[in-house]
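S.K.: Per TrEMBL, domain 'Cationic amino acid transporter C-terminal' is recorded for 567-617. TrEMBL lists 45-67, 79-98, 110-131, 168-191, 203-223, 243-266, 278-304, 324-346, 374-392, 529-552, 564-588, 594-612 (among others) with the feature transmembrane segment.
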Amino acid sequence: MIVSMQDKGEALLSKCSKGFKSLVRRKQVDSVHVRREGHQLARKLTALDLTAIGVGTTIGAGVYVLVGTVAREHTGPALTVSFLIAGLAAALSAFCYAELASRCPSAGSAYHYAYICIGESVAWLIGWSLILEYTIGGAAIARGISPNIALFLGGEGNLPAFLVRHTIPQLGVVVDPCAAILVLIVTFLLCAGIKESSLVQTIVTTANVCAMLFIIVAGGYLACKTGWVGYELHGRFFPFGLNGMLAGSAIVFFSYIGFDAVTGAAEETKRPLRDLPLGIGMTLTLCCILYMLVSVVIVGLVPYYALNPDTPISSAFSANGMQWAAYIVTAGAVTALCASLMGSLLPQPRLLMAMARDGLLPAFFSDISTRTQVPVKSTVTTGMLAAVLAFFMDVSELSGMVSVGTLLAFTVVAISILILRYAPPEEVPLPSSLQQFIDSVRKQLDDDSQSMERKEFNDADIVEQRPSQSEYGEASIQYPLIEKQFCEGNQEKQNPRRRRNIAIWNIALFCIGVLVLTSAASVEYLPSLVHFSLGAVGAAILLCSLVVLACLNQDEARHSFGHTGGFLCPFVPFLPAACILINSYLLMSLGVGTWIRVSIWLIMGALVYISYGWRHSSLTNAVYVPMAYLDHIYRASSSHQV
């Protein structure tokens, strides 16, 4: 009876251990050893194409409205400084993305990086969140295009009847045929091929940038004529103080979201090690410069308190006698939305394809067209879903959920950089079909290692040892050099493991400290004493763990991890730590309603993962081997096939 209960307990413990290991199992970096079955994505994109995708996705129509709202309510003339600070904060995430994109240049972006560095469960969480972000984001952008087209044409009455929004009385739903048609057109372009869609993206993005350049040049000319009246105020440059300026930075930070779309096309880049970091850097730099110049001009044309919160740029030009400029501004808003729509729908099919390749979604989504070399089935599915949402739903209330997916991805990417530098994966998964080669190589290397150890021991034992001195204490006195050699060998084996464990624990403690500190800073209904206590505890944990990480040496295995020779994130661990802190604070600052909706979506994702992804994962029967064995195993399997 007791033995039976013990057996059941051990079996239950074994199942729990196996289940936990499956949640943190990590996949291999795609390399020359990994041969994908079936057709591949076409590698046709250059750094210029990636920049067009990134800029088009990042610069939406929001900037045409955002400058008025933020300047009136938060920053005043200091709007330019807010854009600069927000750009620097976004650059922290960009540095992390640039290193991971060049080391792991495959489709899936943050999902792919999390799967390699952290584990399957976190990767699924990020992938599921990004699916929500891309779907709702695309639908929301499409719903915003039709009002701008109507404004450009002089009102909804000038739109064709089949494009006009109308209400279904029985359902009380406002349908938007124009938004749905635009989504379907973009879906068709994406199915035509990556080079064709990127060409259209480049043209539309160029038109948008030209509209912004017109605002900068013409607005600057008008401001010079009028004497930059917006800055001739009796008040200070910071009318809302430093807090107002920082609050404005937190708001305009979201106008930089979109540069990560560049990494979604990593597998279609000609020279990923060079072009991916270059595309990310050029995207963020160009967007930051344009945002700052537009804000300088608009705030200089009109005093910040007189800006129209709905149409700040058009109103600023109209106040200076250039009513016709409203058409150029509106055209810029339309092109910005169209480019942003294409950029939002581009990464999702590649994300679904990556998840299907890993077995977490049905294989249907991983099919690649033989003619266009794009995942057509995933693209059509994504486009149809976004078109239905854009047609039937006003998703503006769900826009906060888009921010959750992006900020979660930014946070996980920064954590992945810390793991990659201090505790990169020591083992890689291989298919069970290579089991015989794994056993053969392991036996051969173990035999070689044992023979080498015997040889070293015999060499060290040349000096004859007397029986009376065979005990450990006397041997250490009579032969100190031999003792020192053995001790140093043991330390070399133990120190990396000890350093690695310390690094892992301190990365975990840092994340806990960030969570406690940001929770204390964002929750308003707690008593002040609790606020202060939680904040102090969180800050102490954060700082202590960060100091320990800074004092530790980074793992030598990082030099050979993934594709080497690409971009390296600077100032580790401080830069990723600052990125985690900023993005976590922004996450905690989102409303309770947003988190409730996101939680429902994540619970649905957990059910999908448990019922399908966990059972069908490509790593279910994988055999994990040390990194040092990898080349030997593939060499053995290749020679066997020959």
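Note: Cβ is positioned from N, Cα and C throughout, glycine not excepted.
In TrEMBL, annotation is done automatically, which means it is predicted and not curated.
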S.K.: Looking at 45-67, 203-223, 278-304, which one has the highest count of Cβ pairs under 8 angstroms to the transmembrane segment (324-346)?
M.R.: 45-67
S.K.: List, by number or range, the same-chain residues at least 6 past the transmembrane segment (203-223) whose CB is under 8 A from its CB atoms?
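M.R.: Distal contacts: 52, 55-56, 59, 229-230, 286, 290, 293-294, 297-298, 300-301, 313, 316-317, 320, 322, 325, 328-329, 331-332, 335-336, 338-339, 342.
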S.K.: Is the transmembrane segment (594-612) in contact with the transmembrane segment (110-131), using three or more Cβ pairs under 8 angstroms as the rule and ignoring pairs under 6 apart in sequence?
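M.R.: Stretch pair touches.
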S.K.: Mind checking which residues reach the transmembrane segment (594-612)? Cβ under 8 Å, same chain, six or more beyond either end.
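M.R.: Hits for the transmembrane segment (594-612): 121, 124-125, 128-129, 132, 360-362, 398, 400-401, 403-404.
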S.K.: Looking only at the domain 'Cationic amino acid transporter C-terminal' (567-617), what is the mean pLDDT?
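M.R.: That region's mean pLDDT is 92.
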S.K.: Where else in the chain does the transmembrane segment (278-304) make close Cβ contacts, counting only residues six or more beyond its ends and a cut-off under 8 Å?
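M.R.: For the transmembrane segment (278-304), the nonlocal Cβ contacts are 47, 49-51, 53-55, 58-59, 63, 67-68, 71-72, 75-77, 79-80, 83-84, 87, 90-91, 94, 97-98, 101, 209, 212, 215-216, 219-220, 222-223, 226, 228-231, 233, 239, 252, 255-256, 258-259, 262-263, 269, 312-313, 315-317, 319-320.
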S.K.: With contact taken as 3 or more Cβ pairs under 8 angstroms (pairs 6 or more apart in sequence), are the transmembrane segment (79-98) and the transmembrane segment (243-266) in contact?
M.R.: yes
S.K.: Can you name the far-off residues of the same chain, 6+ from the ends of the transmembrane segment (168-191), with a Cβ under 8 Å from a Cβ of it?
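M.R.: Here the qualifying positions are 138-139, 142-143, 145-146, 149, 159, 162, 197, 200, 338, 341-342, 345-346, 349, 369, 372, 374, 376, 379-380, 382-384, 386-388, 390-394.
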S.K.: Taking residues 6+ outside the transmembrane segment (374-392), which of them lie with a CB under 8 Å of any CB in it?
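M.R.: Contacts with the transmembrane segment (374-392): 41-42, 134-136, 138-139, 142-143, 173, 175-177, 179-180, 182-184, 186-187, 190-191, 193-194, 345, 348-350, 352-353, 356, 364-368.
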S.K.: Cβ under 8 Å, sequence separation of at least 6 from the ends of the transmembrane segment (564-588): give me the contacting residues as numbers and ranges.
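M.R.: Hits for the transmembrane segment (564-588): 89, 92-93, 95-96, 98-99, 101-103, 250, 253, 272-274, 276-277, 403-404, 407-408, 410-411, 414-415, 417-418, 421-422, 510-511, 514-515, 517-519, 521-523, 542, 546, 549-550, 554.
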S.K.: Helix, strand, coil residue numbers for the domain 'Cationic amino acid transporter C-terminal' (567-617) per DSSP?
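M.R.: Counting residues by DSSP class gives 40 helix, 0 strand, 11 coil.
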S.K.: When you scan the chain for residues with a C-beta under 8 Å from the transmembrane segment (243-266), skipping those not six or more beyond its ends, what do you find?
M.R.: 45, 50-51, 53-54, 57-60, 62-63, 66, 70-71, 74-76, 78-79, 81-83, 85-87, 89-90, 93-94, 97, 100-101, 104-110, 194, 272, 276, 279-280, 283-284, 287-288, 291, 340, 343-344, 346-347, 350-351, 403, 406, 409-410, 586, 589
